[in-house]
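This report concerns only the one structure given below.
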Amino acid sequence: MTGEAQPLSTPPSAPADLRARQPKAVHSALAVLEEVARCGAGVTAQQVSENLGMPRATTYRLINLLVQDEYLVRMPDLRGFTLGRKVVELAHLVAPVAPPQAAVAVVDELRAGIRGGVHLVRYEGDRMRVVDVDPDFPLSDSRRLTAELDTSAMGRLLVAELLEQGAPLPPEVRPIVRQSPERLESIRRGVALEGRAWQVDAFTPGFGCLALPIRGPRGELVASLTLSAPRIRIEQPGPVLDQLLDGTRRLAPPPPLTAPRIPLLPRIE
Amino acid sequence: MLSHLEITRPKHGRLAAATCGSYPEAVTAEPATALERAIADPPPVPGIGTRSPVEGLERRTVGFVDVLAQSVSAVAPSAAATTIPLLVAVVAGGGTLWALAVAMVLSLLIAGTVNQFSRRIAATGSLYTYVSRGLGTGAGFVAGTAMLVGYGFIAMFALAGAGYYLAILLGRVWPGAVSSTGLAVAMIAAMALVVVVVIVRGIRLSTRLTLLIETVSVAIILVLVVTLLVNTGGSFEWSALSLAGSTPATFAVGAVLALTAFVGFESSSALGVEARRPFAAVPRAIVWTVIVSGSLYLVATYSQIVGFGALGLDLTASASPVNDLATAYGVEWMGLLLDVSIATSFLACAIASTTALARVLFAMGREGVLPPVLGVTHRRFRTPWVAAAVAVPVVALVPIVSIALGSGLWETMQTLIVVAAAGYITAYVLVCVAAPVFLRRIGELTTGVAVRAVAAAALLSVGLVVYLVVEFAGERWLGALVFVLLMAAGCGYYLVRKRRHPWLLDTIGVYDVPVAGDVLGGGSPG
């Protein structure tokens, strides 16, 4: 994905596109982040100011603001900077994403056949993002959904996955590790047993959410299909569950490209 | 067919993925900028560990309001607003309001300079750590001693003050209370116990408690101020701004005395590790503390001047101006409320100052400057409990011994505040010198910052000399002497310690460093 052939001329053009629409400060802040990303960990404030041709006082003020908001992190030597983990939250800003057409088609088909909201969620490391929200059933509180990973069904899938892998949990869940580790353990056990996560009444009384994992070739969690519906239909989904499971199978990434194609080769010849 | 697919897939990731099935990873487009590439595939960042040298504290947990409460309580604005106007007026005469305004501007100048550090370093050592990072270990240690003296003696002063006002309160029902030495000792000991429990039980408890106390006591002061202003007519009394009866020399001394009403505003920098967003919360708390307390002082002083003026009396002739005013304007019950408010405000000040004191000791323990046991944190409450348990008995014993030896509470307080104020101003001078040096070293010095820091350092140096000379010549010479002796003892200890442990030069000035979880590509997935 890194694309080492990328010409260096692209970075300046990206902020330049923004200039027309965004206030100047936002443009400058993104340019600073871009410059730190380009130079790599340890770049100093002075270097950023020189490379961007921005006045020093302005650059330092911007950098300190970005450090305050944790998009940038000052390195232990106090001179250099690197990107903070919070820049991941900018991902949708710098690269607006939409799921591929084929996935949209599958999800639309499910929506047509199911009464309730069907959403597509994508997971990256310890972060998650709702990439396709059901337009007829908007999310009740998307900020809380992603902040309270141990409460939302889609978040519980991620928590269970990270616990299974023994990977560190994101900072917002860490206090729970100390306060009630048994809560996290029960989430993990629930997902391991049922192969799905759910919650009722946590966001809207009388309603709940059911999240079915979409797994990659190695069984890793890459995405999920979630259904939000009245409580009774979450607790006893009936045939809807089969429809959704079928959806997750159709959305799952194919096994590595080489494997299925080898037997096809003779026929092409 | 196959070769066609293989060539086009990487170039048109999204299109190819859409045609060969709905692979969710195709949700991200091909990264076009360095930032996108870094987010999609974070390069490893070398030099980031998984542990901070100040590990063991409740890292990144308390919010802005708690951080602000720490600084405001350490300043104890409601206690100062009732006592400082009189102290300044005795020296500066008519120029009292101006002296306070000058002190406020100077404090803002210092706050701005301190914030050059607090925006860049998250530490527990407050100005001690900052000066160490700017000027090196020697100057750092002088600042450290000054900070320990400042926080320690202001905590003693506050404990004694709380005892004094509680005695006055009890004196309303039991006239013998004010002169009873045994009662004063018992009250100070009891409050010291409260302080140590609150500090050990967690940073949030101490900041929330002090916030509650300070809010209530500032509200009480404001009610009295408004009552006074309504009773005296309400139009602005321009004569309060006259400089009559003050010379440049007396004005300077008045301004330095007024500065002592602000000291402590920097103490939220001791919560650098525990603040949730330290680089945002600490600088803001420091500046807002100066603004809030300065405004309160100006309003309170104005109302006192106008209040006495309307009565045709002299402010400087009063022993307890606020109580006298309350009586004169027929709101005597407010005097009672005020005594409660001042006593509790002093207690909050003792808690906040000891909170900062314990964290400076904690930093020194972690560095090995002081015995490492001071760097031990409580496993459950995540507080520097050993440092607190060592500091509080000392803080309580000094005023207790002083009154047991026959000195009155009020006289003891007068001496303690001189020691504390000299300690703070010394540390302020050093931090203002250190800021430009530090910024230059990390390559972030700008002209404006340098000019302000140098101006503040020069003004403060003059202020410190004036203050010490005046105090040596006056009744409170003992305080000035104790300060000088303590600083000399601190420097002597440093020289001995440095000769025995030369490695100290490399460890001094510990601060919180980013760990893997804070950094993109810091080792954990994400």
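Here the Cβ of each residue, glycine as well, is placed from N, Cα and C on the backbone.
These come from TrEMBL:
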- B:138-167: transmembrane segment (TRANSMEM)
- B:173-199: transmembrane segment (TRANSMEM)
- B:211-230: transmembrane segment (TRANSMEM)
- B:250-273: transmembrane segment (TRANSMEM)
- B:285-313: transmembrane segment (TRANSMEM)
- B:333-362: transmembrane segment (TRANSMEM)
- B:383-410: transmembrane segment (TRANSMEM)
- B:416-439: transmembrane segment (TRANSMEM)
- B:451-470: transmembrane segment (TRANSMEM)
- B:476-496: transmembrane segment (TRANSMEM)
Any contact, the transmembrane segment (B:285-313) to the transmembrane segment (B:333-362), with at least 3 Cβ pairs under 8 A: no
The transmembrane segment (B:211-230) in contact with the transmembrane segment (B:333-362), cutoff 8 A, at least 3 CB pairs, sep 6+: yes
Stretch contact, the transmembrane segment (B:451-470) with the transmembrane segment (B:138-167), Cβ-Cβ under 8 Å, 3+ pairs: no
The transmembrane segment (B:250-273) vs the transmembrane segment (B:383-410): 3 or more CB pairs under 8 Å: no
Top partner of the transmembrane segment (B:138-167) among B:173-199, B:333-362, B:383-410, B:416-439 - counted as Cβ pairs under 8 Å: B:416-439
